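Novice: Attaching a single structure in structure tokens format; questions to follow.
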Amino acid sequence: MAALCRGRPRWKRLNCLQVFTRNFSGKYDYDLVVIGGGSGGLACSKEAAQLGQKVAVLDYVEPSAKGTKWGLGGTCVNVGCIPKKLMHQAALLGTAVKDAKKYGWQMPETVHHDWATMAEAVQNHVRSLNWGHRVQLQDKKVKYLNLKGSLLDEHTVRGLSKAGKETILTAENIVIATGGRPKYPTQIPGAAEHGITSDDIFWLKKSPGKTLVVGASYVALECAGFFTGIGLDTTVMVRSIALRGFDQQMAGLVTDYMEAYGTRFVWRSVPKRVDKLSSGALQVTWSDTETGMEHRDTYNSVLWAVGRAPETKALGLDQLGVQLNKQTGKIVVGPDEATSVPHVYALGDISEGRPELTPTAIKAGKLLAHRLAGQSTALMNFDNVATTVFTPLEYGCVGLSEEEAERRHGKEGIEVFHAFYKPLEFTVAERDASQCYIKVICERGGDQKILGLHFTGPNAGEVIQGFSMGLQSAVGQTGTGDASCLQPSASTTISLWD
Ligand SMILES: Cc1cc2nc3c(=O)[nH]c(=O)nc-3n(C[C@H](O)[C@H](O)[C@H](O)COP(=O)(O)OP(=O)(O)OC[C@H]3O[C@@H](n4cnc5c(N)ncnc54)[C@H](O)[C@@H]3O)c2cc1C
């Protein structure tokens, strides 16, 4: 309250000031103000409102460097999971069409994919989700404000409209859920001028054509995978390794499959410059980090997938003393999502050390709402979160990579159970199943606690969800995930299914 009093005279001087009527119950306009209407922020605000809290959520989309904009719902709905998974599905259908002939379907020798049709359908679905979120907020009596939020103090948020109109809101608690945005390389001439990112790709009306994807994160490989699947000439440029942080044997299977599927990989190379030729084509010059040799090729599009940066700059966190991680720029939070400033919380991609995933942001947001409403003390459990990479051969995993398991338990302290397998649907279609694989990493001693489980193959997302549920409930019931249900223990790497 002291901070609130200190700030008041300054707010009176603000132009076009609109102060919301205070609720009758207390000192503030709202019980909760959430900045950011993405996966975490929407879940938190809706849950809090259902628990009887007076809630407002601010969401504001800064257009991408290329001018792409979208609606309410955040990254996942507009420029992440949803359009990505739908475009991945478009690519899988292309493979299914090829398989279909072997299964007796009569169709023309060549089939073509039309980007504009796919993009329009995907974008229409995303717009329906934007609308659905607005309706849900209204139904649940959450005040939605299309304003860019920043903090004036631990109980006060300033919202700025596109036209520059300011609105001040006060709240008992403030939640920051502003997510992140893709980065552009800063040292490469032409990179920002001629390139695009994942913030643009799903909203293109015309096909990106022959595309260079720079980076080897899951976003890079997923985009390259669906480009290849819908018939685009696609190259991935990798500086060092693919899928950093994931199990590297599995990453190798994913990229091997992609190479066999038609995606070109330029390994150990870094782009030097991007020039637009008079023909409109983009000429990319890169150098091979091993030989030092320079190479060139031309593309219709260059997609930078070189990481994401947290959206903290415009939030006024410095003045408030909210602690950030200096390396990542993310907000440091405790197990209860609390920041270093009382009454200010952060969740989702903006918070340090959390998985950058929608389901965890949603769950953490709901649990935070319960705690803030005094309904529960339950904390989010971020252990053993399953995740899937939607590459042409999907890869799902839960728990530790083999590298991380070795680091924590020593090479002798772990035991790996594994199997290559052939999905039945690959047989008639005569598809190569060389990269379809499962491995389970266990502690060698005791009751062989499962440390990590990795799977490549069709429907990996569904498969790994089932396994992770088993793993979690085994941990919950016995304090350990036990591999004995899969295969008796032995001293070396063991085949699970012969
Ligand atoms: C290409 C791609 C594919 C992905 N695929 C998956 C997947 O398959 N599965 C998965 O689980 N996750 C996936 N993710 C990650 C997922 O999208 C994020 O983890 C998730 O959206 C994070 O939610 P959030 O609430 O933290 O932030 P966001 O969803 O990013 O929402 C933040 C919102 O806050 C707004 N905002 C920012 N600053 C302000 C401000 N000052 N005032 C008001 N509003 C502001 C932003 O515009 C945005 O709307 C993917 C991401 C990308 C980029």
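Cβ atoms are placed via backbone N, Cα and C, with glycine included.
Curation does not apply to TrEMBL; its annotations are automatic.
According to TrEMBL:
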BINDING   Lys85, Gly149, Asp349  FAD binding site
BINDING   Gly215, Ala216, Ser217, Tyr218, Val219, Ala220, Leu221, Glu222, Gly307  NAD(+) binding site
DISULFID  Cys76-Cys81  disulfide bond
DOMAIN    30-365  domain 'FAD/NAD(P)-binding'
DOMAIN    385-491  domain 'Pyridine nucleotide-disulphide oxidoreductase dimerisation'
Novice: Cα of Gly307 (NAD(+) binding site) to Cα of Asp349 (FAD binding site): how many Å, rounded?
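Specialist: Here the two Cα atoms are 12 Å apart.
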Novice: I'd like to verify something. Among the recorded positions Cys76, Gly149, Gly215, Val219, Leu221, Gly307, which ones have a C-beta closer than 6 angstroms to some atom of ligand 1?
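Specialist: From Cys76, Gly149, Gly215, Val219, Leu221, Gly307, counting a Cβ under 6 Å from ligand 1 as near, the near ones are Cys76, Gly149, Val219.
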Novice: If you measure every Cα to Cα distance among Gly215, Ala216, Ser217, Tyr218, Val219, Ala220, Leu221, Glu222, Gly307, the residues said to bind NAD(+), what is the biggest one in Å?
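Specialist: With Gly215, Ala216, Ser217, Tyr218, Val219, Ala220, Leu221, Glu222, Gly307 as the binding residues for NAD(+), the largest Cα distance is 14 Å.
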Novice: Whole-number Å only: compute the distance from the Cα of Cys76 (disulfide bond) to the Cα of Ser217 (NAD(+) binding site).
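Specialist: The Cα atom of Cys76 (disulfide bond) is 16 Å away from the Cα atom of Ser217 (NAD(+) binding site).
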Novice: In sequence order, what residues of the same chain, 6+ apart, have a Cβ less than 8 Å from the Cβ of Gly215 (NAD(+) binding site)?
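Specialist: Listed in sequence order: Val236, Met237, Val238, Trp304, Ala305, Val306, Gly307.
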Novice: For Leu221 (NAD(+) binding site), identify the closest of the recorded positions Cys81, Gly149, Asp349, judging by Cα separation.
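Specialist: That would be Cys81, nearest by Cα distance.
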Novice: Which residues of the same chain, at least 6 positions away in sequence, have a Cβ lying under 8 Å from the Cβ of Asp349 (FAD binding site)?
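Specialist: In sequence order, Gly40, Thr75, Gly179, Gly180, Arg308, Pro310, Glu356, Ala361 meet the Cβ cut-off.
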Novice: Which whole-number mean pLDDT does the model give the domain 'Pyridine nucleotide-disulphide oxidoreductase dimerisation' (385-491)?
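Specialist: Its mean pLDDT is 86.
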Novice: Rank the recorded positions Cys76, Leu221 by how many other Cβ atoms lie within 10 Å of each Cβ and give me the one with the fewest.
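Specialist: Candidates: the recorded positions Cys76, Leu221. Fewest Cβ atoms within 10 Å: Cys76.
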Novice: Out of Cys81, Val219, which of these recorded positions shows the lowest number of other CB atoms within 10 Å of its CB?
Specialist: Cys81
Novice: Here the binding-site residues are Gly149, Gly307; which one has the lowest number of other Cβ atoms no more than 10 Å from its Cβ?
Specialist: Gly307
Novice: Could you name the residues, excluding Gly215, Ala216, Ser217, Tyr218, Val219, Ala220, Leu221, Glu222, Gly307, of the same chain that surround the NAD(+) site, i.e. Cβ within 8 Å of the Cβ centre of those residues, in sequence order?
Specialist: Val213, Cys223, Leu243, Ala305
Novice: How many of the residues that make up the domain 'Pyridine nucleotide-disulphide oxidoreductase dimerisation' (385-491) does DSSP mark as helix, as strand and as coil?
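Specialist: The breakdown for the domain 'Pyridine nucleotide-disulphide oxidoreductase dimerisation' (385-491) reads 38 helix, 31 strand, 38 coil.
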Novice: How many other Cβ atoms sit within 10 Å of the Cβ of Ser217 (NAD(+) binding site)?
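Specialist: There are 20 such Cβ atoms around Ser217 (NAD(+) binding site).
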